[in-house]
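Asks: I am attaching a structure below and will ask some questions about it afterwards.
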Amino acid sequence: MCPLRTRPLLNQDTAVHVFFIWKINKWKHLHIIKMKVLRDTMELLSARGRSVWERMKASFWYEALKKKLPILVWLPRYSVKWLQMDLIAGMTVGLTVVPQALAYAEVAGLPVQYGLYSSFIGCFIYCLLGTSKDVTLGPTAIMSLLCASYIGHDPVQAVLLTFLCGFIQLVMAIMHLGFLLDFISYPVIKGFTSSAALTIGFGQVKNILGLHDIPQQFFLQFYYTFRNIYETRVGDLILGLTSIALLVVLKVMKDSLAPTDEDTAVVVKVCRMVVWFFATARNAFVVVAAALVAYACELSGTKVFTLTGKTTQGLPPFKPPQFYEDTGNESLPFSEMVKDLGGGLAVIPLMGLLESLAIAKVFASQNEYRIDSNQELLAIGVTNLLGSFFSAYPVTGSFGRTAVNSQTGVCTPAGGIVTGVIVLLSLAFLMPLFYYIPKAALAAVIICAVAPMFDYKVVKTLWKVKKLDLLPFLLTFFMCFWEIQYGIVAGIILSGFMLLYKVARPKLEVSDHGVLVIVLDSGLNFPSAEYLSDTLYRQALLVSRPRSVILDCRHVSSIDYTVVNEIQDLLQQFRLNKVSLIFSGLRIVILEVLLAADLKGLEHTESVEEALQSLSEHHIVQEHDQSLC
């Protein structure tokens, strides 16, 4: 008999863990003994009078599993009320995502069905792995625009890009590299999104006007749109402008709806609910209405509108992405495909993570809960990786659909399951009907979706708060019209230089108390070593009468070997000039570094006052010695 079974339980709260771990360590390679351990553990659990499930939930491995599968946090508490709210939110978002997905596929330069292929897998994956109840993953205007810059209207390249993006994002999540996103400053993000809004919006003008063969590049697009404006199709123009007007009116109606009181009449409540429903699902309403008008025109034999055209019917096949492409004349190997994607393998994963995390943080703060940033990286990485097996192009969090999800009162990520089912049903049964959707209606949906992204007020805010931050904003904004990746990289580099300049040139406050007192306001790292040394030389040593210096280091939190080496030279120069260099207010970690370097003549005090007193006493002693001489 096992000796532990005859011993009394020392601690009832930990008995099960001790018993289980002890047995596994003793017989960890024997399957039969493992089963015996499990049976004995079950007996102990029953003896405590608690269910096995409750004890398992309290175990350490279950807690660890909950961190990686957040669904285990909210699923045991799921209620009928939550189910009702999630159904309403999921259906509302589903009616929003279908027309947007079709439109965003146009932005990415892909057949419209690829927008739907990219819209459902994220709904199911995020339900398992996501930590925000509000976020919805899927195609967005910004990601579609970024993808269009690299895939060249090629679905094979798009799917491969999704696979590689997912792999990169997954590696970043595993290695906890999310901090890299912190180097993309707010002015750079705002410059990019504002430029992207104009690029995407103007890119749809050709569909509003019914023009064809317009280049993708922004400046060429601008030129050829106005050059060919005389070819405008009146039907497309009227439908496009009407769709935009209807979308704007419905949005204004929704924003102006006042909250209902308990005393409000039932008829008024019903009317408000109807207005709210049509205003929230306005994209689907406008697209369906435009498709019906186009279908009626087609039946009458008049081709008034430019239609979406034939689409592939049915669900996407489950297959791995192609790692080569047969172009007909030759086979393009994987290395060449990756080379064609180029900088997109850096820009798209980072921007996807940045957009999704930013949205998650906004709504977590608004609805008073917390998210796990690294878990969000994991969720989006897995979504893109698995999405590539369903012919998806890269996805991220959608601000517009997340806002709809939050406003309709979603309670858990389970609302995404309803949204995913609606997308799958659309793929299975509605694809033939998408033939009749006018491109002008989809263009109107896109223009109204990206218009709020253009934040003109940020210029005024940056001017008031810090004028220097306008530089990376403006550089990113204008460069993105040329090439998006160049704009983002240029903005990041400029922001980096501005940050490094602050590190290399820390602010030094110099005051005269008979001796020089210099206050350092930041860490001492190697870029600032030469600057500090030059300042001390000019202020204290290269003068007619060398002066002692007190360095107030209260705010210094870091130091490196380059600075320590520079301090050693400074101490020597101060000794040769028969003056003192005293460090005051050193933190323990900094003092330990300086003491470990065994600097000759190092003097340090707790405060500036103590240093001044020490120098005063030293001066009195010197005068006394001179008088004796």
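Backbone N, Cα and C atoms are what each Cβ position is placed from, and that goes for glycine too.
In TrEMBL, annotation is done automatically, which means it is predicted and not curated.
Given the structure is predicted, the values throughout are model-derived calculations rather than measurements.
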Asks: Which of these ranges is annotated transmembrane segment in TrEMBL: 64-81, 136-153, 208-225?
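Replies: Matching range for transmembrane segment: 136-153.
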Asks: If we skip the immediate neighbours and take only residues 6+ beyond the ends of the transmembrane segment (414-434), which ones have a Cβ under 8 Å from one of its Cβ atoms?
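Replies: Sequence-remote neighbours of the transmembrane segment (414-434) are 78, 82-83, 85-87, 89-91, 93-95, 97-98, 101-102, 112-113, 116-117, 119-124, 126-127, 133, 136-137, 291, 308, 311-316, 405.
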Asks: Does the transmembrane segment (376-394) make contact with the transmembrane segment (234-253) through 3 or more Cβ pairs under 8 Å, each pair 6 or more apart in sequence?
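Replies: Contact absent: fewer than 3 Cβ pairs fall under 8 Å.
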Asks: Same chain, outside the transmembrane segment (159-184) by at least 6, Cβ under 8 Å from its Cβ: which residues?
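Replies: Result: 118, 147, 150-151, 321-323, 337-338, 341, 344-345, 348-350, 352-354, 357, 373-375, 377-378, 380-388, 391-395, 488, 492, 495-496.
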Asks: Quick test of the contact rule: Cβ under 8 Å, at least six residues beyond the ends. What residues does that give for the transmembrane segment (274-296)?
Replies: 92, 95-96, 98-100, 102, 239, 243, 246-247, 250-251, 253-254, 257, 304-305, 307, 404, 407-408, 433-434, 436-438, 440-442, 444-445, 449
